[in-house]
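Following: one structure in structure tokens, then a few remarks.
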Amino acid sequence: MAKVADKPFFPKPFLSFLVLSIIFGFGITLSEAGFPKIKHYKWDVEYMFWSPDCVENIVMGINGEFPGPTIRANAGDIVVVELTNKLHTEGVVIHWHGILQRGTPWADGTASISQCAINPGETFTYRFVVDKAGTYFYHGHLGMQRSAGLYGSLIVDPPEGRSEPFHYDEEINLLLSDWWHQSVHKQEVGLSSKPMRWIGEPQSILINGKGQFDCSIAAKYNQGLKQCELSGKEKCAPFILHVQPKKTYRIRIASTTALASLNFAIGNHELLVVEADGNYVQPFVTSDIDIYSGESYSVLITTDQNPLENYWVSIGVRARLPKTPPGLTLLNYLPNSASKLPISPPPETPHWEDFDRSKNFTFRIFAAMGSPKPPVRYNRRLFLLNTQNRINGFMKWAINNVSLALPPTPYLAAMKMRLNTAFNQNPPPETFPLNYDINNPPPNPETTTGNGVYKFNMGETVDVILQNANMLNPNMSEIHPWHLHGHDFWVLGYGEGKFYAPEDEKKLNLKNPPLRNTVVIFPYGWTAIRFVADNPGVWAFHCHIEPHLHMGMGVVFAEGVHMVGMIPPKALACGSTALVKNYPRLP
């Protein structure tokens with residue numbers, strides 16, 4: 001098993017909010033100022049015919065690639081992406097998942113929150129600093145475009161001359177996703193219909209955009225399966241992990257799934273978990289990991305098994321009915337042929353409903369030595385109840401009985417320009433009734449839509465208690481992974497049932513809670529997080545399951561908007577902001 005260095009390393013933020021505003025506002029290049037490099041990309045987003053799982057379909061790609069191109073930079077670098085929308089009939093934005101966007105909240109890539117959607121034929125330029133090493137990704141954030149295939153990897157290395165607190169010889173990058181044969185537009189219409197038409201389970205699991213439908217590369221172990229006949233040159237041919245014996249590999253794993261929670265395992269190999277969501281964790285050994293939509297991990301493996309054999313890599317579905325075959329590929333010990341199948345069948349995915357196993361993995365994640373510690377006390381605490389509801393017969397998801405419906409004018413611009421009629425100025429409820437029974441369906445399933453904002457004072461320490469509950473049908477509660485834009489947060493703890501402060505306060509971990517940007521709520525349970533509202537902007541906080549967000553499962557946070565500097569004009573060209581003349585672009 002790989003060794004991990006004792007010395008922690010945590011890169012400091014590269015630029016302050018003010019310096020970023022000055023640089024971007026006045027067009028000073030970083031090379032002129034003596035700062036780190038600029039990574040410049042020109043992307044065209046368009047629909048393409050593709051065969052992700054050996055069945056031809058339409059995907060949303062970038063520059064003719066699916067998944068999109070990988071961005072690779074060092075912490076402190078500036079990333080510039082000129083994004084041209086070639087979709088013809090719909091807008092587009094891209095969210096840089098896990099990037100904090102300090103000083104550039106307009107570049108967060110959230111339609112109706114940080115910017116206007118980019119119209120067909122138009123180009124929008126994203127500029128932002130990647131300020132912290134880690135494993136990240138990017139994806140569409142308008143409608144359900146992530147489910148259509150608009151995603152790619154974003155890898156940030158330490159600043160030049162710095163090293164990570166662990167050693168490895170080489171690395172492999174894996175982007176996991178789920179795939180449907182039904183178009184995203186049909187899915188969206190079905191979710192918005194009365195009665196609601198559910199999207200169903202995915203047809204395939206993709207590994208770096210590659211999967212197999214209606215056949216298996218492991219059919220020889222199961223006579224009921226059809227063997228895939230592949231030459232290796234097809235778009236759906238497995239992405240093989242080629243390795244040399246007696247080396248240590250860092251495998252970066254990110255999940256951009258629209259629905260599925262996944263389990264990752266490699267036959268005969270242990271995994272040493274060292275990073276989660278761009279933050280170092282106390283290393284621990286496990287046979288497999290559960291990874292929820294929006295999460296990322298780095299694991300180290302040592303190729304110390306029989307070098308004459310190859311080994312299975314298996315990605316199975318967890319927390320949902322097992323109707324989707326596992327995604328499979330090979331850990332290919334060179335110089336063995338990649339066509340040589342392992343002697344044993346693929347690792348078996350744990351039972352889909354074994355939440356105790358999921359919790360045992362999640363509860364082992366702690367911050368690495370030297371990580372920032374949370375403030376001891378909070379200034380404000382929100383209790384967010386997650387329920388399934390209806391509005392006039394339409395099925396919705398709601399938080400504290402409000403289903404999020406985004407306004408046509410982006411919050412960031414509306415608040416900066418003080419357009420008080422652009423959205424509801426009354427904030428949503430900060431808690432829910434103490435006597436609410438989370439173990440039964442809502443007594444009053446009717447809910448309302450809303451677009452109010454939770455506003456925080458700059459520097460305020462905020463606790464959020466995410467509370468899960470029963471759905472509309474009895475005895476049903478689902479896992480929900482929640483992602484916060486613009487911040488990392490400390491995961492203080494998890495619990496069963498309804499959060500009860502006098503008792504559950506004692507369970508919160510203030511010593512070494514992990515920093516994350518995505519966290520799971522287990523069925524009928526609660527999750528407590530803490531963050532500091534120190535990043536001027538407007539930020540989404542939402543379930544990372546695409547259909548759930550589409551149906552209203554999210555809220556919006558705002559802090560320090562008066563401190564936000566220049567907002568590019570193209571981010572303002574919609575809704576009420578498009579009518580404002582002579583808006584001062586600089587503070």
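Here, residue 1 is simply the first one shown, and the rest follow in order.
Yeah, the Cβs are placed from backbone N, Cα and C, and that goes for glycine too.
Worth saying up front: this structure is predicted, and the values here are computed from it rather than measured.
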**CYS54: disulphide-bonded cysteine as recorded in Swiss-Prot, out of CYS236, CYS543, CYS574** = CYS236
**Prompt:** In Swiss-Prot, the Cu cation 2 site includes HIS139, HIS544. Which of HIS97, HIS181, HIS185 does it also list there?
**Reply:** HIS97
**Item:** Of the candidates HIS269, HIS351, HIS480, the one that Swiss-Prot places in the Cu cation 4 site of CYS543, HIS548, MET553
**Value:** HIS480
**Request:** Give me the non-local Cβ neighbours of CYS236 (disulfide bond): same chain, 6+ apart in sequence, Cβ-Cβ under 8 Å, ordered along the sequence.
**Result:** SER51, PRO52, ASP53, CYS54, LYS210, GLY211, GLN212, LEU230
**Request:** Please name which of the recorded positions listed here, CYS116, HIS483, CYS574, is nearest in space to CYS228 (disulfide bond), Cα against Cα.
**Result:** HIS483
**Message:** I'd like the number of other C-beta atoms within 10 A of the C-beta of HIS139 (Cu cation 2 binding site), please.
**Reply:** 28
**Candidate nearest CYS574 (disulfide bond) in space, where candidates are the binding-site residues HIS95, HIS139, HIS483, HIS544 and distance is Cα-Cα** = HIS95
**Prompt:** Which of the listed binding-site residues (HIS95, HIS97, HIS483, HIS544) has the least company, meaning the fewest other Cβ atoms within 10 Å of its Cβ?
**Reply:** HIS483
**Request:** Can you figure out which of CYS116, CYS215, HIS483 (the recorded positions) comes closest in space to HIS97 (Cu cation 2 binding site), comparing Cα atoms?
**Result:** HIS483
